[in-house]
Amino acid sequence: MNWGVFEGLLSGVNKYSTAFGRVWLSLVFIFRLLVYLVAAERVWSDDHKDFDCNTLQPGCTNVCFDHFFPISHIRLWALQLILVTCPSLLVIMHVAYREAKEQRLRETQGENYRCIYPNPGKKQGGLWWTYLLSLIFKASVDVIFLYIFYRFYRNYTLPRLVKCELPPCPNVVDCFISRPTEKNIFTLFMVVTTCVCVVLNLIEATYLIGKR
């Protein structure tokens, strides 16, 4: 990964954000993205390999694993992080469009051109709407993924033992999940930080509307 490009994107998002937006960005980068990359991804790396069932029936373990883990936490978190950070890049693109438009006017009309955007990063007009919609989208994505996690993994927890009786299992078999306590701790941490991010987005949206 090119960290120079990533750092440039982050500095651009930080530059055009409000104080609440900067706190949100720090929370996402430090407590969600870094935790995901450094720790959580390794915890779930042995999901299928260490999912043990007390049977030697071919296919039983695979079927039970797919039933209790329809989609991995890691893949859901990766998709969530991608969707929740993309709207911030739209704000940067909108500011870049304004700056490019100013540059074209300067080139065609000379130095005496009429300035349309004295401050391209100021949240007025279309940029205000872009920023507000990005906040609503980010909060909506986090809420939707919280609901998805709740539906797939009741109460956001993983049990130590699950009982499976799906074919081709010959009878009710006991299956054991690897490191359930550690996974529950990471899941709770990610859920709490997601809730904090949603609250920050709503506060920032309220602040933005009130300031206007």
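Yeah, the Cβs are placed from backbone N, Cα and C, and that goes for glycine too.
Curation plays no part in TrEMBL annotations; they are all automatic predictions.
The domain 'Connexin N-terminal' feature in TrEMBL is assigned to 42-75. If you look up TrEMBL, you'll see 141-208 marked as domain 'Connexin cysteine-rich'. Sequence annotations record features per position, and here TrEMBL assigns transmembrane segment to 20-39, 76-97, 128-150, 185-209.
The average per-residue pLDDT of the prediction over the domain 'Connexin N-terminal' (42-75) is 81, rounded to a whole number. Among residues of the same chain six or more beyond the domain 'Connexin N-terminal' (42-75), those with a C-beta under 8 A of the stretch's C-beta atoms are 36, 149, 152-153, 162, 164, 166-170, 173-179, 182-183, 186-187. According to DSSP, the secondary structure content of the domain 'Connexin cysteine-rich' (141-208) in residues is 44 helix, 8 strand, 16 coil.
The domain 'Connexin N-terminal' (42-75): residue composition by secondary structure is 14 helix, 2 strand, 18 coil, according to DSSP.
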